[in-house]
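> The following block contains the structure, expressed as structure tokens.
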């Protein structure tokens, strides 16, 4: 009764100044308390529901946008249904020319003084096609459906001295041309060099091909295949610096085939699936699997045995005298979950790495369902730009939520750092390389309109989703789950031998994952920086899974050895060790450039090392995130399994 009386006296109403407890007043008090508690519970539930709606709504919108972009990512170069009648015009576009050994150094087709039509029509291209360096224009040849031609003259032209020198320089650098006929690619060299066992370049003979033979295979009303070859006897001598008369011609032959239309792209993917190539790919898989089995088996055996001994030892120590000094990883239980230095940068690295991991998974999904079939021009670049923009919310949510778990206060600055951590170096690299491409007048230089489109995507899609993800992460209010308490002052780390320092540990951590993927790296490099076609995405996905497993296991093992040596600063070390494979991949770039390729020139060199630096940096962030997440799970598990005061 006294509690009720005190409650009544604490009210502001004057009728309760003198406390007289009756059954009616007691009922009123209890009823008012019930209403108060019920309303507060409703308000708490309402706030939680609103937060969940925001979070779930954000991820729902992101998922829907990714699905829509996935369905719309396929790019076609022409809007026709690829069905033609006799004498119908079949679209033929000239794309680009460039040195065969420098795939990034390409120029517009009519930058060389070929016969050009009276009116050159430029084809409208998608974003991915422009990023790929494609610049399609109407070709000077007419290849109407089922219309054969014999030595048709395109034009008669007198090449000036300057044009002869221009063509000769192109022939010297092994220039090739590329065209597209009904979405089917065509290649051919523009000329040849006759050396005749002579070592002096001044005695070489330079010739330009002037007659092209087109052989086209069809099935009913569809184009199935096209082959092009140059007439070795129809040549223009470019050896001397003097004007030359040239008559450019072409021949068209049609042949019927039984190959169905849906199999016409198989020809371009056969090079990746030849028996000896498949044998090498599977050898790479077996090598990687053996590495994974040995590594995981070794680490599992060692760690399980060592941890079991540790658990038995620590349990025995608890029963022994209290003044016995603890040693090993239990000794630093009060420091192992101490937040790392530079936690804003740390959270930003986790957010960017998680976004790149999600981007990689979505790209693999598209590849495995067949979106990136051979010469679906620009599909990969379109997918990369769109999916990266749509997954920026994942980076914002991961970085901000983890930053708040680490008791960070300036989450806005953390969000800005997350948005710039990967995009900043990529943007600076792009600005430099695009300037180089503009100086070379190469097709790799993006037009102003394309740059505006990319800026708009970043402004209207990437940034808002990043902010929404950050707000959702801030409102998640999740706490960092540490199984043991952290002491007020950190312990001093004992002096360690040199091989336990950061750089030797990174070297050990990066070598094993790299050894599991280096065979497959050659085929990827030959596809990205060469003219090979890579289509065995299932094998590539298996190699990627192996890479993740090896990275996680080796990082966990090194984290345990670091904690056993009473070094509690494992947070940044786990990211650096997990991401060190990216440094090994960049080291492989040096080997590939000088030993396995014939690339040359400032533009090609800068493009290769510039963009590969960005790719390897992305691998560093992604694999560093994988390494930290695996180490965090491991550390939480072992400290949850022991009793710490």
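From the backbone N, Cα and C atoms, a Cβ is placed for every residue, glycine too.
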> In TrEMBL, which of 280-303, 304-327, 472-495 is labelled transmembrane segment?
280-303
> Is it true that the transmembrane segment (606-635) and the transmembrane segment (537-558) have 3 or more Cβ pairs under 8 Å, skipping pairs fewer than 6 apart in sequence?
yes
> Can you tell me which parts of the same chain pack against the transmembrane segment (345-373), counting only residues 6+ beyond its ends and a CB-CB cutoff under 8 A?
66, 70, 73-74, 265, 269, 379-380, 383-384, 387-388, 391-392, 394-400, 402-403, 406, 408, 414, 417-418, 421-422, 535, 537-538, 540-541, 544, 571-572, 575, 579, 618, 621-626, 628
> Counting Cβ pairs under 8 Å that are 6 or more apart in sequence, does the total for the transmembrane segment (280-303) and the transmembrane segment (506-525) reach three or more?
yes
> Which stretch, 415-440, 446-468, 506-525, 537-558, tops the Cβ pairs under 8 Å count with the transmembrane segment (379-403)?
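Maximum Cβ contact count belongs to 446-468.
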> If I count Cβ-Cβ pairs under 8 A between the transmembrane segment (537-558) and each of 415-440, 446-468, 506-525, 570-594, which range comes out on top?
506-525
> Verify whether three or more Cβ pairs under 8 angstroms connect the transmembrane segment (506-525) with the transmembrane segment (446-468), leaving out any pair fewer than 6 apart in sequence.
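When sequence-distant Cβ pairs are counted, the transmembrane segment (506-525) does not touch the transmembrane segment (446-468), since fewer than 3 lie under 8 Å.
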